[in-house]
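Beneath this line is the structure, given in structure tokens, with notes to follow.
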Amino acid sequence: MKKHSITIAGGGSTFTPGIVLMLLDNLEKLPIDQIKFFDNDEDRQKTIAGACRIILKEKAPDIRFTETTDPEEAFSDIDFVMAHIRSGKYAMREKDEKIPLKHGVVGQETCGPGGMAYGMRSIGDVLQLVDYMEKYSPEAWFLNYSNPAAIVAEATRKLRPNSKILNICDMPIGIEELMASAIGLESRKEMEVDYYGLNHFGWWTGIRDKEGNDLLPRIREHVSKFGYVTEDQSLQHADESWNNTFAKAKDIQALDPSTVPNTYLKYYFYPDYEVAHSNPEKTRANEVMEGREKFVFGECRKIIEKGTAAESALHIDEHASYIVDLARAIAYNTKERMLLIVENNGAISNFEPTAMVEVPCIVGSNGPEPLVQGEIPRFQKGLMEQQVAVEKLVVEAWHEKSSQKLWQALTLSRIVPSAQVAKDILEDLQEANKGYWPELS
Ligand SMILES: NC(=O)c1ccc[n+]([C@@H]2O[C@H](COP(=O)([O-])OP(=O)(O)OC[C@H]3O[C@@H](n4cnc5c(N)ncnc54)[C@H](O)[C@@H]3O)[C@@H](O)[C@H]2O)c1
Ligand SMILES: O=P(O)(O)OC[C@H]1O[C@H](O[C@H]2[C@H](O)[C@@H](O)[C@@H](O)O[C@@H]2CO)[C@H](O)[C@@H](O)[C@@H]1O
Ligand SMILES: [Mn+2]
């Protein structure tokens, strides 16, 4: 099997060590010649790269390793870019979450005003990475999971229509692991699913085992009682806020008991509850900085100091193995069935053809072939039409440098109660994002 070269863009990400360990655990499925880290923050990347260099030396000394902030070095002679950048880092995530809350509106990383602010920062940065890849390795594929994936995916569709980009999210995979556990399966891989929606905005309509037996009724029953909370303690998220989210799925599912939902719908269906249960002084960004970021960087520093990863508490991001599945599907034409964010183009037959939707696809060397999900009901169609218009308006606002369109996007969001509140939030977000957003007029 050919050995592949991979660039991880956002080398300084908290997810990078888990992904490197996951890649090393899957070398028989996806042999690797070299791994390169690219980040625009040399200092942040240094700690993660220093530890990963030691991990690689100990576990797979034949893999060549480079860390760089130079685009030419990073993007030359590669087969895949795995992109997980966070434009503006946690400092800006904190503002995305806290500014809307100050106005009594949900403050969330990818949903509502926070997601739009993050999108306005991410679009240019992700497109720049795509351009680097195309300049230095025109045959390579860009696997993007940088957020907000819905807005980034729409930007890549509109502004880089011919580029080899696959947009993917791990939320359905994480939820499917919980579903599998809820009904006593070993793994989500024993299930085949039908699903439709937008990123962080979708529903499962069919779940079968590999013999075709219907598993959805048992899963629906579990979710209607417990959400995605399961008895298996090992699947509990380390942070309480995530477990609350998994429990809240029960109330989301009540809106359409024939399906099971993506957990992110809670921000759209229960925004008042979310605001009431939020602390405007301490949001998820603070939890992540005090939790995952401290842990990962602390462990990396320990590895560097000791010169060995032998006793490290860093763990494989096993659920991220979908990234290997995706790369394998492209590299070896495996025809893997995976949920991807792709142009609708009839997959949802009664929905906007140019919308970026999340649906099952068969993935092979030529990219994804979306599987038709047919007509969707009025309730979901109405919600999705509103949300996709928000996402498209944000991309238009970025492209046309239009504050008018961004105000329209904010006003159209289900989460924002009025045009006045939208305008107030816009003013604050614009001020906070100086230097990150294009100059709007
Ligand atoms: N799609 C999904 O389902 C999914 C799942 C998990 C995380 N994510 C995303 O992965 C990303 C990383 O998350 P994290 O919490 O580890 O963040 P993080 O801040 O720890 O890491 C992001 C890294 O990106 C770097 N970066 C920012 N802008 C850059 C640019 N223009 N070029 C190169 N590097 C740049 C930063 O310096 C930082 O080191 C985020 O976008 C997050 O939302 C997506
Ligand atoms: O608040 P964060 O930074 O912890 O998470 C935000 C991301 O949440 C989703 O990813 C989840 C995943 O689905 C879940 O199973 C668990 O493993 O944690 C992941 C991240 O911590 C979501 O899909 C991403 O888009 C978000 O960035
Ligand atoms: Mn996601």
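Backbone N, Cα and C atoms are what each Cβ position is placed from, and that goes for glycine too.
Annotations in TrEMBL come from automatic prediction, not curation.
With Arg93, Arg284 listed by TrEMBL as binding substrate, the candidate from Asn40, Asn147, Asn344, Asn345 annotated for that site turns out to be Asn147. Other C-beta atoms found within 10 angstroms of the C-beta of Arg284 (substrate binding site) number 21, with every protein chain shown included.
Listed recorded positions: Glu109, Asp170. The one with the lowest count of other Cβ atoms within 10 Å of its Cβ is Asp170. Counting only the Cα atoms, the space from Arg284 (substrate binding site) to Cys169 (Mn(2+) binding site) is about 19 angstrom.
In three-state terms derived from DSSP, Cys169 (Mn(2+) binding site) belongs to neither a helical nor a strand segment and is classed as coil.
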